[in-house]
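Trainee: According to Swiss-Prot:
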| type | residues | note |
| --- | --- | --- |
| MOD_RES | 2 | N-acetylalanine |
| TOPO_DOM | 2-12 | topological domain 'Cytoplasmic' |
| REPEAT | 8-99 | repeat 'Solcar 1' |
| TRANSMEM | 13-31 | transmembrane segment |
| TOPO_DOM | 32-73 | topological domain 'Mitochondrial matrix' |
| TRANSMEM | 74-93 | transmembrane segment |
| TOPO_DOM | 94-112 | topological domain 'Cytoplasmic' |
| REPEAT | 108-196 | repeat 'Solcar 2' |
| TRANSMEM | 113-131 | transmembrane segment |
| TOPO_DOM | 132-170 | topological domain 'Mitochondrial matrix' |
| MOD_RES | 148 | N6-acetyllysine |
| MOD_RES | 157 | N6-acetyllysine |
| MOD_RES | 170 | N6-acetyllysine |
| MOD_RES | 170 | N6-succinyllysine |
| TRANSMEM | 171-190 | transmembrane segment |
| TOPO_DOM | 191-211 | topological domain 'Cytoplasmic' |
| REPEAT | 207-293 | repeat 'Solcar 3' |
| TRANSMEM | 212-230 | transmembrane segment |
| TOPO_DOM | 231-267 | topological domain 'Mitochondrial matrix' |
| TRANSMEM | 268-287 | transmembrane segment |
| TOPO_DOM | 288-301 | topological domain 'Cytoplasmic' |
């Protein structure tokens, strides 16, 4: 007898998504630090080598100069923001799916899943942008040799003192440009892979842990293929001195292409791809397990 479809619960998505986000940050932050440092390093002078020659070089130099804590620099900001951010992300996805269903039995098409995923990206931008701004500033300050901020709270306090609440939301448009299409790809790919990995006659809810890990990991890779160019622009814009880019992302884009070519839009690609699989596998395992527990404890919630 087929299992009766359950109505999508945005509340369960909220709770399980928060835990999944914590798992993602803890596993993925070291290579996120490497990614941001590669994306924001200045062009090298003629005849001089760049500060970092690549992902492994940046990882090695950070570990040697700052220890393991250097790789986790700025993690407090995303940890503080990640529970509500991923909770809202999965809530937005659940809501997006529910809005397109006439009944719980309706199966959504992949374009509909993409649309629901894009809604989740809109939902998360308000939480994501301040955390990304603080995280990026803390991640690059050690490599630049200027320790302006002693930590997350100090950075938040000084940003507010200097720029007011708007200082936290520098880069909002670029965060939207990154997260809306990337979130659509993020969730659509995951649902497609789950369906692909589900044996005939079985439910996607019965997927084994290894298959959940593989589906979550590859979803992260597809997500970042879409997200890297706007992420490079966002990192550069959010860490730039005030007034450097008066026309926003257009100035950043022109400068990058003029000075470093189109390939500069994929700075940090190796770090992102190495990070994407384990971090997102951990995220979706961290989401699926609490969701199963919640469905067992409160099936009608």
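Glycine residues also receive a Cβ, built from the backbone N, Cα and C atoms like all the rest.
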Trainee: Do you know the mean pLDDT across the topological domain 'Cytoplasmic' (288-301)?
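Mentor: Looking only at the topological domain 'Cytoplasmic' (288-301), pLDDT averages out to 83.
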Trainee: Return only the integer: C-alpha distance in Å from residue 157 (N6-acetyllysine) to residue 148 (N6-acetyllysine).
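Mentor: Just about 12 Å between their Cα atoms.
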Trainee: State the residues, same chain only, that lie 6 or more residues beyond the ends of the topological domain 'Cytoplasmic' (288-301) and have a CB under 8 A from a CB inside it; answer 'none' if no residue qualifies.
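Mentor: Contacts of the topological domain 'Cytoplasmic' (288-301) (Cβ under 8 Å, skipping residues fewer than 6 from its ends): 6, 9, 11-13, 15-16, 19-20, 205, 207, 212.
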Trainee: If I count Cβ-Cβ pairs under 8 A between the transmembrane segment (171-190) and each of 13-31, 74-93, 113-131, 268-287, which range comes out on top?
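Mentor: Per the Cβ count, the answer is 113-131.
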Trainee: When a 10 Å sphere is centred on the Cβ of residue 157 (N6-acetyllysine), how many other Cβ atoms does it contain?
Mentor: 13
Trainee: If we count other C-beta atoms within 10 Å, could you say which of the modified residues 148, 170 has the fewest?
Mentor: 148
Trainee: Which of 13-31, 74-93, 113-131 has the most Cβ pairs closer than 8 Å to the transmembrane segment (268-287)?
Mentor: 13-31
Trainee: Measuring Cα to Cα, how many angstrom lie between residue 170 (N6-acetyllysine) and residue 148 (N6-acetyllysine)?
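Mentor: One finds 18 Å between the Cα atoms of these residues.
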Trainee: Are there residues at least six beyond either end of the topological domain 'Mitochondrial matrix' (132-170) with Cβ under 8 Å to its Cβ atoms? List them, or say none.
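Mentor: Result: 32-33, 36-37, 40-41, 51, 62, 65-66, 70, 73-78, 80, 234-235, 237-239, 242.
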Trainee: Provide the three-state DSSP residue tally for the topological domain 'Mitochondrial matrix' (132-170): helix first, then strand, then coil.
Mentor: 31 helix, 0 strand, 8 coil
Trainee: Are there residues at least six beyond either end of the topological domain 'Cytoplasmic' (191-211) with Cβ under 8 Å to its Cβ atoms? List them, or say none.
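Mentor: For the topological domain 'Cytoplasmic' (191-211), the list is 3, 110, 113, 218-219, 285, 288, 292.
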Trainee: Quick test of the contact rule: Cβ under 8 Å, at least six residues beyond the ends. What residues does that give for the topological domain 'Mitochondrial matrix' (231-267)?
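Mentor: Same-chain residues near the topological domain 'Mitochondrial matrix' (231-267) but 6 or more away: 36, 38-40, 43, 132-133, 136-137, 140, 163, 170-171, 173-175, 177-178, 224.
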